[in-house]
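Down below is the structure, laid out as structure tokens.
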Amino acid sequence: MEIIHFEHNKQAAELVAKWYDSPPLAYVHSFGCQQNVNDGEKIKGVLADIGYGMCDSVEEADLILFNTCAVREHAEQRVFGNVGALKRLKKDKPGLIIGLCGCMAQQQSIVDKIRESYPFVDIVFGVNGIDTLPQLLCEKIAGNKKRILLTPTERAEVVEETPIRRDSNFRAWLPIMYGCDNFCTYCIVPYVRGRERSRRSADILAEFKELVAAGYKEITLLGQNVNSYGKGLEEQIDFSDLLNLLCTVPGDYHIRFMTSHPKDASRKLIDTIAAQDKICNHLHLPVQSGSDRILAQMNRHYTVAQYLELMDYAKEKIPGITFSSDIIVGFPGETEEDFEGTLELIRKVGYMQLFTFIYSKRSGTKAATMPDPITRKEKTDRMARLLSVQDEIARKLVADMTGQTQRVLVEGSGRDEGTLSGRLTNNLVVEFTAEPSLVGSYAMVHLTGSRGTVLKGELV
Ligand code: 5AD
Ligand code: SF4
């Protein structure tokens with residue numbers, strides 16, 4: 001069969017236009033972290049560039065793409081369930097193209113499983129293969145060639161200028177680096193997303209300026225470990241320098257960033273947040289565990305005392321700062337004493353929000369080889385205890401905010417009819433009655449009370 005080489009998207013667009021009677025529709029669903037959601041926006045941008053419209057249901061679609069996450073086993077099982085459910089759809093609509101991409105697609109074992117058990121999947125490509133999508137699609141359309149591409153994790157260059165179709169017109173993700181070098185022993189990310197690569201600051205600044213000019217209010221800088229931004233670049237720049245550079249762009253906007261690694265989060269970073277009004281007074285600093293023994297087993301390179309010292313410094317320098325964190329419960333060998341260390345730590349810090357996960361064994365990682373004698377029941381019990389302690393902490397912190405008047409970015413509808421939901425710079429959410437036309441803009445809201453961990457307020 002003829003091999004088709006597409007040098008750029010224009011040729012792909014011509015083929016797509018010739019092949020379909022009317023513009024085809026794509027359904028793209030991204031699982032997992034913000035980095036993956038941003039990749040999904042790029043996938044949609046590339047598809048729009050070659051003539052696809054977007055749709056919200058698999059039934060309407062000519063192309064279905066699942067942009068997957070591999071961080072926990074549960075996420076992988078969900079994807080297989082979703083893909084399996086498409087088999088019948090494909091029978092009824094033979095021209096339907098089904099694709100799987102993202103972190104799961106970077107793993108040989110997953111690709112093998114797709115080949116063996118899901119033969120109706122047409123294209124597979126990994127996180128570094130978004131720019132190859134037009135070619136894969138065209139080969140499928142014109143040559144009816146199934147394309148399973150295992151994208152090398154080490155494909156090292158940073159691809160700039162991929163088209164993008166953003167999900168929101170007032171909140172944007174802006175990746176500043178890709179990959180991770182940390183090899184926390186539980187984590188699959190370094191194996192699927194490869195080594196750390198930072199984008200050049202000039203490229204980030206250019207995209208940032210475009211976003212501000214387009215009216216974006218909230219720009220979230222993304223990276224697996226933003227605090228090691230700059231490593232390997234020719235220019236001498238660190239994450240704080242990058243933040244200071246971006247803050248020179250005039251406009252009405254604010255900056256968030258994630259994720260920070262405690263071992264690299266510096267006092268300089270805290271000082272930068274304190275000095276720059278445009279950076280939100282919220283820090284997501286995943287601690288994972290409150291036991292030094294477990295932290296060492298996790299290869300995290302900090303102790304509880306070092307972590308707490310940085311948090312105290314942040315509290316002192318940035319009045320009103322709030323914290324959030326990721327916690328893993330039931331890491332292999334976690335004892336009751338280790339777990340109590342975690343409870344003690346979360347009480348000391350006083351997080352506004354926790355993202356909590358029961359340890360999930362990922363094959364290929366170091367922790368997967370560690371003895372794990374704790375029963376599932378023990379792990380779920382610990383999780384329930386953790387959630388209950390955290391709920392109490394968060395409710396109190398939220399309730400203590402009442403009486404203040406704060407600027408919020410209005411994000412969408414609230415839970416009750418006629419209400420809107422807005423986010424404070426400290427990342428708390430407030431609901432208040434107002435016109436839907438306010439969505440996407442800033443509003444001043446007086447905080448009158450709370451319901452659980454959500455504030456109630458009145459538009460000023
Ligand atoms: N099991 C459970 N949670 C995990 N995370 C990463 N890998 C695993 C795993 N194998 C969590 C960590 C990380 C977050 C994004 O996901 O807490 O910070
Ligand atoms: Fe995974 Fe650790 Fe890298 Fe985060 S810093 S992506 S938890 S290896």
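Positions of Cβ are set from backbone N, Cα and C atoms, glycine also.
Listed in TrEMBL:
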- 24-142: domain 'MTTase N-terminal' (DOMAIN)
- Cys33, Cys69, Cys103: [4Fe-4S] cluster 1 binding site (BINDING)
- 166-396: domain 'Radical SAM core' (DOMAIN)
- Cys180, Cys184, Cys187: [4Fe-4S] cluster 2 binding site (BINDING)
- 399-460: domain 'TRAM' (DOMAIN)
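A separation of roughly 12 Å, to the nearest angstrom, links the Cα atoms of Cys187 ([4Fe-4S] cluster 2 binding site) and Cys103 ([4Fe-4S] cluster 1 binding site). Between the candidate binding-site residues, Cys33, Cys69, Cys103, Cys180, Cys187, the densest Cβ environment within 10 Å is the one around Cys103.
Taking the domain 'MTTase N-terminal' (24-142) as a whole, pLDDT averages 93 in the prediction. Sitting within 8 Å of the Cβ centre of Cys180, Cys184, Cys187, and not among those site residues for [4Fe-4S] cluster 2, are the Cβ atoms of Asn182, Phe183, Tyr186, Ile188, Val189, Pro190, Gln224. Filtering Cys103, Cys184, Cys187 by Cβ distance to ligand 2 (under 6 A) retains the following binding-site residues: Cys184, Cys187. When the Cα atoms are compared, Cys103 ([4Fe-4S] cluster 1 binding site) and Cys184 ([4Fe-4S] cluster 2 binding site) turn out to be 17 Å apart.
In this structure, Cys187 are the binding-site residues from Cys69, Cys184, Cys187 whose C-beta falls under 6 Å of some atom of ligand 1.
In the structure as shown, the Cβ atom of Cys184 ([4Fe-4S] cluster 2 binding site) sits within 10 Å of 22 other Cβ atoms.
DSSP labels the residues of the domain 'TRAM' (399-460) in these numbers: 4 helix, 36 strand, 22 coil. DSSP assigns Cys69 ([4Fe-4S] cluster 1 binding site) to coil, not to a helix or a strand. The record gives Cys33, Cys69, Cys103 for [4Fe-4S] cluster 1. Within 8 Å of the mean position of their Cβ atoms, the other Cβ atoms in that chain belong to Phe31, Gly32, Gln35, Asn36, Thr68, Ala70, Val71, Ala75, Gly102, Val189. Broken down with DSSP, the domain 'MTTase N-terminal' (24-142) shows 64 helix, 23 strand, 32 coil. According to DSSP, Cys180 ([4Fe-4S] cluster 2 binding site) sits in a coil region rather than a helix or strand.
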